[in-house]
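First up is the structure itself, then whatever we jot down about it.
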């Protein structure tokens, strides 16, 4: 007896939705976002709660409070959230003394006509929105800071200054004669993962994305990386796809990698290839950069790519979908 099961066209693709994809093996973040969707929450809810979980867990010390102290020992936070239906973005950068950065970013969409709030003023906005002031410093971040001071403030992000920033703590002044010399790789540990980026695609194919980070460790106070910048840290467009980046934000933000990946997917390029094309564009200018990107399109197809450097040859990320049953760690070889 031959049984023929007829499935309507598109049914298989529909079964692949919803999808949650996030950078690094941040499992609890993936599980939290997936639970939000399963219980009927929106894509934006899933992004806010998923990235917020990493803020609570202090994922790898590179998201949330108590990590990546800047040059003055303070931890500051950057985050963004994007609605791929309306193209609205809410973002905060250099946020001080407020733990739930992605939550504040969401309030920027909901209660203002703005896109990005920064620094002390972003903190004042957060307090008006009901977020408590809290100390983001911990014993861990204090010890990271004093260790760094004890090793002559190495590594740091200064160049072309006197005294020599590769051997001293400053205070620095600019050199009269600027001599260009090749910058050494910023001695970043590849375990300094530095961002959770997440893309959520709902059952109907609508997309949201978001990021949260405490930025580069020992950064200059006031430094903002790629994470809270729309099109750099993440990008969502429900007519094409969503993407999120992680890595050396100072370099990556110059290329708007998340926006570029979504535009490649809009052209019909497979998500994996879209991610790879973005990485190879940056490689032309910064062959040794540390970074990776995740991509997903409206049908629930997804992919990732990373730049291969010593100590970083594979990139781990999380995917949740009905086909996988539960949040699953996936790995891709760097190019």
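Note: Cβ is positioned from N, Cα and C throughout, glycine not excepted.
Just so you know, TrEMBL annotations are computer predictions that nobody has curated.
What TrEMBL records for this protein:
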type     : residues                               : note
ACT_SITE : 195                                    : active site, nucleophile
BINDING  : 223, 224, 225, 226, 246, 247, 248, 249 : substrate binding site
SIGNAL   : 1-16                                   : signal peptide
Intrachain C-beta neighbours of the residue listed as 'active site, nucleophile', sequence separation six or more, cut-off 8 angstroms: 23, 62, 63, 211, 212, 213, 227, 233, 244, 245, 246, 247, 249
Cβ-Cβ distance under 8 Å to residue 225 (substrate binding site), same chain, at least six residues away: 78, 194, 213, 215, 216, 219, 233, 249, 250, 253
List of residues, in chain order, with Cβ under 8 A from that of residue 224 (substrate binding site) and at least 6 apart: 78, 93, 94, 118, 215
Span of 223, 224, 225, 226, 246, 247, 248, 249 around substrate - largest C-alpha separation, Å: 16
Residue, out of the binding-site residues 226, 248, whose Cβ gathers the largest set of other Cβ atoms within 10 Å: 226
Cβ-Cβ distance under 8 Å to residue 223 (substrate binding site), same chain, at least six residues away: 70, 94, 157, 215, 216, 250
